[in-house]
Amino acid sequence: MEKARIYELAKELNTTSKRLMEKLAEIDISVKNHMSLLEPHELDALYKHIGVIRHDDKKNEVEEKKTVAESTNTTEKKKEVKKEVKKENKNAPRIIRTTEIIIDSSTEDSSGANNFPKNETKNVQKKNYKNNFVKVESSTSGLRPGFVRDVKPDLRNKQNAASSKNEVKKALPKETSAPKEEVLNSKIINEDIHKEEKTVADNKGNGSKVLKGSSNTESAQLNNKVAAVEKEEQKSINKPESAQISTQSENKPQQSNGAKQPEEAVVSVNKDSIGKSEQVTAQNDVPSVNKVHPQEKPVHRTDRPQGQYNNQRSDRPQGQYNNQRSDRPQGQYNNQRSDRPQGQYNNQRSDRPQGQYNNQRSDRPQGQYNNQRSDRPQGQYNNQRSDRPQGQYNNQRSDRPQGQYNNQRSDRPQGQYNNQRSDRPQGQYNNQRSDRPHGQYNNQRSDRPQGQYGNKRPDRPQGQHRQQNLDIPKPDASVAQEAFDSQRNEARREFQGRDFDKNVKREEKQKKEAPKSNTATKQRFRPQKIVIEKKGVSEILSEDYIFNEFYNDDGKKKKHRNKRNDKVQVKYIPPKAVLTSITIPESLTVKDLAESLKKTSTEIIKKLMAYGVMATLNNEVDFETATIIAEEYGVKTEKAIQVSEEDILFDDDEVQDESKLQPRPPVVVVMGHVDHGKTSLLDAIRSEHVIDSEAGGITQHIGAYTVKANDRAITFLDTPGHEAFTAMRARGAQVTDIAILVVAADDGVMPQTIEAINHAKAANVTIIVAINKIDKPSANPDKVKQELTEYGIVAEEWGGDAIMVPVSAKKRENIDQLLEMVLLAADMLELKADPERQAKGTVIEAKLDKERGPVATVLVQRGTLKTGDSLIAGSTFGRIKAMTSDKGHAIKAAGPSIPVEILGMDEVPEAGEVFYAVTEDKVAKHLVEKRKFKQKEQQFKATSKVTLEDLFTQIKEGKVKDLNIIIKADVQGSVEAVKQSLEKLSNDEVRVKTIHGAVGAITESDVTLAQVSNAIIIGFNVRPGANVTEAAKNAEVDMRLYSVIYKAIEDVQAAMNGMLEPTYKEVILGHIEIRQIFKVSGVGTIGGAYVTDGKVQRNSEVRVVREGIVIHEGKLASLKRFKDDVKEVAQGFECGVSIERFNDIKEGDVIEAFVMEEVKR
């Protein structure tokens, strides 16, 4: 028996590791954790303790093989084998429980609702029956997933054997009356009726007729479908046992009578199993003896059924969705019935329906929208009815209607909008009536009707604007005086006097001309229309307008006179241009976006806030966000194509004139791990000792040199070996053609060697491997070749394409061979350049020289650089005053692949910047100013740009501590290297932030900045003046000076560790067992305890453990021996303890004492 781990055993036993460990503890087996191994005897003890029987695996395998071999024999043998296999077909441990489990798979239901006693007929007619037993376990209780317990009581086995014959006889006659078959029939009927119902539902208006007419044919079809589905389900259910039945039918003549009996039972089970689900026991080891357990579905009774979804029955059903029945149905959605239906959506019925949307009925309908009926309809929009309608929106009726918009009625209309009393109704806008009509909006008395807008009726026409048959009553002078302003009293009295005389004449004319035809009304309609359209609502409602329009004839004449002038004075106002598309840059401010969209900034900010972007007027949004906002206003966006001045000025066309191309020297970079001899190799090539000047023997910044080999020039770049100079090395690889990878023969491939390989491959340069230090006794060049093969560099002699040269830089061995390989690789690359084009190259290194000012080492890549040329490198500009070669000689011109040192730049350029020679100083200065402005703008935008991600990040960084650093170095490359190395040290708790980095000595302004921002100053290869040191001391600014980067990183890491919150670990001191309890008034509960192991200190923290569960954590309030307070009590001694704020100490409790110790980080 093999050892087993706790967690694996827990999985097998379907329990948790913790529970298992508790059980092991009960039998005195102690384990450390869930990964501990249990010995075989411990396993046996555990199984015995928890009541698990473990079977022998080998024995099971042998018996299973025998079972498989015997399974091809007769049916009697098969049954015997099955009984044996039932008992011993599980390899997994099984928990034996004392609770009685009654399992009868043939009558077992998943919910347990239909578990009946054996061999008893279920009384399905009984409504509130009770089970004769309580089912306490299921067939899968306590087993692994996929296993089913097949062991059944012996009584069940005997009953199976004795009653198998009787069951066959009972099953056949009950086939037609059993509730199982009723369930099946009802299910099939449900499905068929559901299908029939769909077709009926499609016949919208004739649904009820189709249902009635087809009732007889449906019953015949349903019986046929029942039979057909019965056969199909029988076939599908019998599929798992079809193989067994076919074998039995072939062996029938050779079997005894005893063998036929179980076969018949199988057939009867198949017949009886319609409507039952089959459960196949998962047995992977013995597939030939898989058993099928038919399982009944819940029985549905046939008396007073409760309707279910898509369930159709014929006796008093409760209607459901899509349910059609003929006896007292309750109508549902799309339900069409003929007896007392309740109408629904699109429901058309003839007997007392309740009308719905688009519902047309003839018997007492309740009208809805667009509903037209003839008997008591409820009027709708534009609906005209004649019998007691109940008015709705825009409803027109003939009996006491309320007039609405475009409403035409003939009997006592009541005005709505601006409505006055019902005995003096007003007409409405566009309201035409023929009985007692009144004027419109702004209407006067009913005995003086006004003509209406667009009103054309033949009965009692109403006069129009300026019509002489108007019956205008005599105005009341006192009312007019109160109504009008005092400034116009005199004029209005005069108007009233004139109007009084005219009113008499108008009354007389109205009586004479009352029966005029309607043609005059039509002709007189237009002037009023013009007046109304030209006046605003407030002007029409004003008293001045009423007076001038209806009382003052002079005003009318003036108005008529002015009409000609109005026609002349009206100016044509062109319609506003609709904004359909805008062109915007890659990013723009909210203000610019608002101006582009012709919207206010507030509207744009609201839209952005709706998308979760909190922005102000000057915040930038990108093109995608601006596009989304523009689409909100239906405006399309196009990205502006920005052609920069640099693109116009600089000649970056890749197409070159082949006739002007000339061969150029190869640019070779030396790469490799720290101390593998890169600078020594370059020194051997140059035959000059440059390594002595490097601090600590480590190259700190790039040097560029030209050497002659076989009368041909080769330019070498020496990149630093330390990983902190990754960016510088990457820049070096970008400008080179060939990379010499230096690998020490004794060390082999190191981390930075791999990094150098990746950079060289990324730059797509040819790699030549120089295996250095072959003069050492421990050198193993073959090992180096093998290691390089893992990274895709295979030596030529091994079938690859990589050139590998073993060299010794110290003893100058094979140096010439290495140079020859470099020239060979250069010839294969066919390196050429045009020396007559505009000069272009890369800044290799730049520094600030005290005597000469900004000095830049540049590598010309194309064209010829001459003294006096104007240069642009990034945001710096200068005119070349002098050029020096790598040997220190002053030169006038430098062609392609030649490194030179130039003077005359206004600032120190960034290392790795591309430089261009320009012809005009003005253009160059303009470009530099533009670039500087862009840099400042980008720095400002970087802090103010708002996105959701930034917002959440800032919230999360509320507890982040910043370590501010100011870096000053001798060259720009070192500033970048130190900055990147230190920022890599940032973690979740401390963030390293370089607030300033520059080339040059440390100044007093740097100290001031450090004091204000609480920063550390790091100087790299620079020294501060005496005044700066004094200022730093007075300001208490930490200033550190380094010449090697390793020490700078170590010191900063130490500073960060000091800022980190300390971490603590728990150290257990000892355990105390409470043996007696004393309750002291005023003090609380004191426990008389015994120190079982370790020791207990007075200031230690304690944990009260009761029966393995921690119930309290706190501190000791007191620790005493007899009556004396003591600092600590050792193992084997008794003591009295009390715990702060805890008095629930009981006998048998274990108190665990511990202290928290700080962990160094």
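Glycine residues also receive a Cβ, built from the backbone N, Cα and C atoms like all the rest.
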From 697-701, 837-841, 847-851, 937-941, the residue range that Swiss-Prot assigns the feature region 'G2':
697-701
Would you please say which range out of 536-539, 772-775, 920-923, 944-947 has the annotation region 'G4' in Swiss-Prot?
772-775
Could you tell me which of the ranges 120-127, 632-639, 672-679, 952-959 is annotated in Swiss-Prot as region 'G1'?
672-679
Intrachain residues whose Cβ lies under 8 Å of the region 'G4' (772-775), provided they are six or more past its termini:
676-677, 680-681, 742-746, 781, 806-811, 813
Under 8 Å Cβ to Cβ from Ile774 (GTP binding site), same chain, six or more residues apart: give me those in sequence order, or none if nothing qualifies.
Ala745, Pro781, Pro806, Val807, Ser808, Glu813
Please state whether DSSP places Gly672 (GTP binding site) in a helix, a strand or coil.
strand
Taking the Cβ of Asp675 (GTP binding site) as the centre, count every other Cβ atom within 10 Å, in any protein chain shown.
16
Under DSSP, is Lys678 (GTP binding site) part of a helix or a strand, or is it coil?
helix
